[in-house]
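J.: Look at Swiss-Prot and you will find ALA12, PRO13, SER14, GLY15, ALA16, GLY17, LYS18, SER19 tagged as ATP binding site. For 5-184, the entry in Swiss-Prot reads domain 'Guanylate kinase-like', with the evidence type sequence analysis.
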Amino acid sequence: MTARGNLFIVSAPSGAGKSSLISALLKDKPADMQVSVSHTTRAPRPGEVNGQHYHFVNVEEFKALIEQNAFFEWAEVFGNYYGTSRHVIEHTLTQGIDVFLDIDWQGAQQVKAVMPEAIGVFILPPSRDELERRLTGRGQDSQEVIASRMAQAVSEMSHYKEYDFIIVNDDFDTALADMRAIIRSQRLTGASQIHAQNDMLNDLLAG
């Protein structure tokens, strides 16, 4: 019997390395893991593929999906809507595939409200100085924008206590190993093993 997959909520302030960690986890395209593909009303950027990077829909379609209670969570960001499909995630989990949601603390709260068993992982930078260095090192933003991003990061980090696991991304390889350890540990819980090893357990206990 295939054990149900786990839903992992991964949140972090900008610059903490969340996207890089998720990309590294999925680099070899493991059959038992995938990142959730969100719906959005924003226009596709160059190189983005519908169904791979996002499900691109118009505002009317998105609002219809809201009315149908089709999203685990949704939000409006800078005039564009983003949402996580309830049906797609449920279907994927029943196939024994772990799903990763790359969302902020507000989205995490919405998901936890409807799926309390979802596992929250928060990625932190090792220090404020290092976070600012990473944000500045991108060389793409003005000091005003960096200051705004730092303030937003502090606000995001204030919600770390709402998560089940905390990873400090001081060394990338160590942080990646920590992430893999969390995933492995969740697959070895009693509930997961009862499903995965049901036939063996019944055989062991047969009179």
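For all residues, glycine too, the Cβ spot is worked out from N, Cα and C.
Mind running through what each feature is packed against?
T.: Spatially close to GLY17 (ATP binding site) yet at least six residues away along the chain are ILE123, PRO125, ARG134, ASN169, PHE172, ALA175, judged by Cβ distances under 8 angstroms. Secondary structure at GLY17 (ATP binding site), taken from DSSP and collapsed to helix, strand or coil, is coil.
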J.: Averaged over the domain 'Guanylate kinase-like' (5-184), what pLDDT does the predicted model reach?
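T.: On average, pLDDT over the domain 'Guanylate kinase-like' (5-184) sits at 93.
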J.: Can you name every residue in this chain, apart from ALA12, PRO13, SER14, GLY15, ALA16, GLY17, LYS18, SER19, with its Cβ inside 8 Å of the center of the Cβ atoms of the recorded ATP site?
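T.: What remains near the Cβ centre is ILE123, PRO125, ASN169.
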